[in-house]
Amino acid sequence: APPVAMGAGFGAGLGLALASSAFIGGSFVLKKKGLLRLCGRARAGQGGHAYLREWLWWAGLLCMGVGEAANFAAYAFAPATLVTPLGALSVLVSAILSSIFLNEQLNVHGKIGCILSILGSTVMVIHAPQEEEVSSLESMAEKLKDPGFIVFAVCVLVSSLLLIFVAGPRYGQSNVLVYVLVCSAIGSLSVSCVKGLGIALKELFSGKPVLKEPLAWVLLVCLVICISIQINYLNKALDIFNTSVVTPIYYVLFTTAVMTCSAILFKEWQHMVLDNIIGSISGFLTIVSGIFLLHAFRDMPFSPNLLPLFLQPGRAQPHPPWSSADRHQSCQHQPLLPSEDKGSQSAEEEEEEEE
């Protein structure tokens, strides 16, 4: 089937993806603000549920729901290659709002990471595929029968089972990649299900009898199973390892798996020219670098002493100006080594003479 030009649909998908990141990023701050207002009551970390009486926590939960709904709808209009990487902007929004409203420190590494994430997202939007290969459930069914996708899905399922039942009991407690790989591999299939359900909802609103299509129900069941597995093993990874380690690794592996699945299933890269492919990959790697800086060095203090000498505020000049007597001396008479090194130099010369 020939590709369908998206036009306004691409803009709608892009807008929904950006709105999703804004709502999800803001929801973390609102829920955190609500939890901080408990003031001595039983905290959530201690098994209490007093946060259920805080309207800020409910506002954060509502924002989370709106953001997830917008993200779900974005897959119906824009390619998964674009929507999934833009999810990193929710981390950026959360970091910026936390520094403003929660007084959390955003160090130099975090600020550089935010800038890199914005630049990478801009590059990905410019070079993203502008054509949609799947516009109906019929075409979705044809894509699912493609031998390339069947081989990919079988590989994902087999590798996930091996990671869960073989590698998990042995290395799950010591290697962060085991459970994160399970989440990422299964996540690539869940995004494909979301994409198909988004198309089904779009057809439902247009008046087509989608509820009678068995594919829509199969996609819904598969989505529930995939999301349940993702949540289970992501929680295991977060419980064992530091969040600053799990989050960037999960983002990189999950987005890579989704882009690979989209390239195989939806053929989103088939009609892209070489410079757009290079631009999309470069934008993705730029976002990865930004997310890494934002998370990996989040708790690392950055003091002015780490700057070069000429950038340190109030620092005296490393070399004092020459005195009037020194100005008349030739440069040939200046010592080649600093004064503190003269003693070691003379000792080395004496040793050489004795030899």
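Quick reminder: no glycine exception, Cβ is built from N, Cα and C everywhere.
Sequence annotations record features per position, and here TrEMBL assigns transmembrane segment to 6-30 (among others).
Counting residues 6+ beyond its ends, the transmembrane segment (55-77) has Cβ neighbours under 8 Å at 6, 9-10, 12-14, 16-17, 19-24, 26-35, 37, 83, 87, 90, 191, 194-195, 197-199, 201-202 in the same chain. Marked as transmembrane segment by TrEMBL: 55-77 (among others).
Taken from TrEMBL, the feature transmembrane segment applies to 83-102 (among others).
Residues 10, 14, 78-79, 81-82, 85-86, 88-89, 91-92, 95-96, 272, 275-280, 282-298, 300, 302 of the same chain, all 6+ positions outside the transmembrane segment (109-128), place their C-beta atoms under 8 angstroms from a C-beta of that stretch. Residues or ranges marked as transmembrane segment by TrEMBL: 109-128 (among others).
The transmembrane segment annotation in TrEMBL covers 148-169 (among others).
Taken from TrEMBL, the feature transmembrane segment applies to 176-200 (among others).
Taken from TrEMBL, the feature transmembrane segment covers 215-233 (among others).
According to TrEMBL, the transmembrane segment annotation covers 245-265 (among others). Note on the transmembrane segment (245-265): residues 79-81, 84-85, 87-88, 91, 143-144, 146, 148-149, 152, 156, 176-177, 180-181, 183-185, 187-189, 191-192, 234, 237-238, 284, 288, 291-292, 294-296 of its chain, located 6 or more positions outside it, place their CB under 8 angstroms from a CB of the stretch.
Residues or ranges marked as transmembrane segment by TrEMBL: 277-297 (among others).
For 316-355, the entry in TrEMBL reads region 'Disordered'.
Ranked by number of Cβ pairs under 8 Å to the transmembrane segment (277-297), the listed stretches 6-30, 83-102, 148-169, 176-200 are led by 83-102. 176-200 is the stretch from 6-30, 83-102, 176-200, 215-233 with the greatest number of Cβ pairs below 8 Å to the transmembrane segment (148-169).
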